[in-house]
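Inspection log for the structure reproduced underneath, given as structure tokens.
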2 protein chains.
Amino acid sequence: MLVVRTVADLRESLRAARRAEATIGLVPTMGALHHGHEALMEQARRECDVVVISIFVNPTQFNDPTDLERYPRTEEADLAAAERNGVDIAFVPDVAEMYPSGSSIEVRLDGPLVDTLEGAHRGSDHFHGVTTVVAKLFNIAQPTHAYFGQKDAQQVLVVQALVRELNLPVEIRVVDTVREPDGLAMSSRNIHVKGDDRRRALALKAALDATQSAYDGGSRDGAALVEAGVAAMKTYDVEPEYLAVVDPVTLEPLTEVDAGALVVIAAPVGPVRLIDNAVIR
Amino acid sequence: MLVVRTVADLRESLRAARRAEATIGLVPTMGALHHGHEALMEQARRECDVVVISIFVNPTQFNDPTDLERYPRTEEADLAAAERNGVDIAFVPDVAEMYPSGSSIEVRLDGPLVDTLEGAHRGSDHFHGVTTVVAKLFNIAQPTHAYFGQKDAQQVLVVQALVRELNLPVEIRVVDTVREPDGLAMSSRNIHVKGDDRRRALALKAALDATQSAYDGGSRDGAALVEAGVAAMKTYDVEPEYLAVVDPVTLEPLTEVDAGALVVIAAPVGPVRLIDNAVIR
């Protein structure tokens, strides 16, 4: 596996592949790779001739400086994991390479997709940071396919809108959330969830299961499903930052729920903030 | 020459060229083509295997609705001019194709490059509109080269910053301003300059010549050069909206002027607003 740290080196290392009209799969990550990322790499490996992983903790998408500072950085282990999963090229730029001094570019969407839920609670600058870095990474690597995890459901919708509205020539692939055996969604932030908080972290999955159960029991009322989810979390002594049953495309809250609705949750657990989501079946 | 009106058709028509690793030159225009545009097409024709012109009056870069409404639209003549100049493909999308309903994407730079001069007088949204549509056109056509006229000096700097900061894989070519025999810079808006205003429009070129003369006469003082330029315009009964001697990279006003400095002017002449610029030799 090749490790490159500059835009010029990445482009150079992809020149032959592009010339050969190879499919190029990009897996954009912030490192601290876990099984969820491995699922992205595996699917990219199955579908593409060349697999590129980017590892870059993007400062512009962090609203909370403490969260940024304590975001796990585990480059050596990440590179080993990438190699183990068949990645061809790891792109590991530093901040100055991605945002040279004086850089002021911003790629932004507006509207409910970036303003609600994560956008409301982390600030819409969070998604402006995401769309900016993703547009840059796409222009740098020029992938034919790019892989994102369904765990960040709103981010998936935002990236899909970015691709559509900026006419980016790349196909977005969405990969199912990977969970620990007990149901906790894999996340780089889980490393900070310790002791009893580890048990409390199950509140999110429990809430998703509770909303599905309520739906299975015949409830079609959005508020009732939310109530069932919140009640389930309470038994873990966790209060959601938000818990909503929304339209899976527009993210608008639903009063009447059908199969296909999206249940999204964010909640503080110990020192971190966790998110999870599921589609009502 | 092929005329295409959708993103999908343009991509399809460029597929073979891209496969053959052809160089693709894009000439982005708002139509109303004149000799200045012809110079762009000619250089693209000399340098690239495939030449694409885009003709799209981009509403998001107009600060003045009247200016947008009265911007000349001469599609038939434009297509004939493009064909005459060896263009292979004309991309002529409508507004709905470029900005489907619900679209909210914005690609924006911040800082003096977009806030001063044209940005100050037309509003920085003007350049946000430019960078957004240029990023979209680059993603749609994926050119290897793109051609812009030096007549819009600030736009050139903004587009170069866009390419650098968004990591767009395209080389920007800047083509000298083309002038009428009497010195008036070619512009699509000149069509609205009639009668005595046609003579008064020479005020801009006269001011550029006057600043050069003052420099040739030994003056190195920014304010003195500006004064010389404004005085020259006065003899044409034209007052500049701005007339500045600026750093050719940062656009910051210069107190001490050296060769290479940029003189930029905007002025209302009759019903339109004209701009022009020159580099101090």
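Placed from the backbone N, Cα and C atoms, the Cβ positions cover glycine too.
Copied over from TrEMBL:
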- A:H37: active site, proton donor (ACT_SITE)
- A:30-37, A:149-152, A:V178, A:186-189: ATP binding site (BINDING)
- A:Q61: beta-alanine binding site (BINDING)
- A:Q61, A:Q155: (R)-pantoate binding site (BINDING)
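Location within the structure of each feature annotated in TrEMBL.
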{"residue": "A:M30", "record": "ATP binding site", "Cβ contacts under 8 Å, 6 or more apart": "A:I55, A:F56, A:V57, A:N58, A:Y71, A:S188"}
{"residue": "A:L33", "record": "ATP binding site", "Cβ contacts under 8 Å, 6 or more apart": "A:I55, A:T74, A:A77, A:D78, A:A81, A:A82, A:S188"}
{"residue": "A:G36", "record": "ATP binding site", "Cβ contacts under 8 Å, 6 or more apart": "A:G149, A:K151, A:V175, A:T177, A:V178, A:A185, A:M186, A:S187"}
{"residue": "A:H37", "record": "active site, proton donor", "Cβ contacts under 8 Å, 6 or more apart": "A:V27, A:T29, A:A81, A:G149"}
{"residue": "A:Q61", "record": "beta-alanine binding site", "Cβ contacts under 8 Å, 6 or more apart": "A:H126, A:F127, A:G129, A:V130, A:V133"}
{"residue": "A:Q150", "record": "ATP binding site", "Cβ contacts under 8 Å, 6 or more apart": "A:V156, A:V174, A:V175, A:D176, A:T177, A:N277"}
{"residue": "A:Q155", "record": "(R)-pantoate binding site", "Cβ contacts under 8 Å, 6 or more apart": "A:E118, A:F127, A:V130, A:F148"}
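According to DSSP, A:Q150 (ATP binding site) is assigned to coil rather than to any helix or strand. Under the DSSP three-state reduction, A:Q61 (beta-alanine binding site) is assigned to helix. Secondary structure from DSSP puts A:G36 (ATP binding site) in a helix.
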